[in-house]
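Here's the structure we're looking at; comments come further down.
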């Protein structure tokens, strides 16, 4: 039984899909006016992992993640660069895929662009106007929050508190300060589409409501995104969607917490961000994913070079274990398991059971990773050169099986690792010739930390794993 923390009801609940064995999941994707930063990357990695885990547990997942490709920020960027908004969108969607692929984020079932759904959005807006939930003023169309009885139920605030606490730009044309635009009249220099209210473009909130409804249906299983989207974006999505259809919009709402730098939320507006591409130039995708999944997705995560280095060391420990097993598979002579080994292999299932228990409990990736470490500690101790090839192979398959939903630990250590070690040994040999013994010792210690021991023999330097 999988339990998820439902932001809507402020508690963990058993996940029961609308259709048995299927999950309809919508995740708010990027506004494509720049490279995405590692804070955005955490959101994408978290929900990629959750999607993978549902699939691991046997569900068929329809996973929709949108691109916001018409937006104030995009218009500003296009005007600054003297190109069209479409060109900005095309460019940064391509860049998104490059970085997401590099982070081993699986492609969505569908990645809709808002501009592909303008006709559907206009129908959606017209439906809200016809039902009395929205009104037009000078070509703008606003959603009337007071008309929707449940407004504020996701963020847990009542509308009076929201009015008094929110910093709202004064617009005398609105019936209420909390009303928000679902269609915006064209301004000079902006792209626009013809509508019953004149030339204009959709508001941000209406885009996701419309695409989710069109691609997944009036009620979906899971709507997810970063916790900064809870209000107003997701609150407004609920209001629009449920006002139009009269049905619950999403049964479960999942929100991932911020990534912080110096105890402040990482964001483009604060200019304290690192793009995913910058980090990928220096660290492997497994390292970045490990760091992003090392805390529960609802816990804020601090980001620093030290934590990246710690994640790198942890990932290397697991790949050392994988490398040991790969070497044993090549080196051991006995093919099949004996009865004692079969019993030992069966005992390893306790780590899989612990892993599933933790992931079933609101996707606790931090504790699931601990279960993998416990597994490799066991295999490092008990699977040796005297073991069978079959046992080493089965243990390796189990490590990879548990790593797959996390998007990690799938690479082979053969070739690349050996080349890297040989290069370090050559560097150490040169340091010794140059009588730079401090560097030679540093390289030896670095290799030892990675589970590699050097032996100086008359035939030259040999290395082995420990």
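Quick reminder: no glycine exception, Cβ is built from N, Cα and C everywhere.
In Swiss-Prot, the motif ''HIGH' region' annotation falls on 30-40 of the listed ranges 30-40, 41-51, 52-62. Of the candidate ranges 255-259, 260-264, 265-269, Swiss-Prot annotates residues 265-269 with the feature motif ''KMSKS' region'. Around residue 28 (Zn(2+) binding site), the C-beta neighbours below 8 angstroms that are at least 6 residues distant in the chain are 65, 66, 208, 224, 225, 226, 229, 233, 234. For the motif ''KMSKS' region' (265-269), same-chain residues at least 6 beyond its ends with a Cβ under 8 Å from one of its own Cβ atoms are 34, 37-39, 228, 258-259, 303. Annotation note: residue 28 (Zn(2+) binding site) sits in a coil segment as assigned by DSSP.
Confidence for the motif ''HIGH' region' (30-40), expressed as mean pLDDT, is 96.
Residue 233 (Zn(2+) binding site) carries a helical DSSP state (H, G or I).
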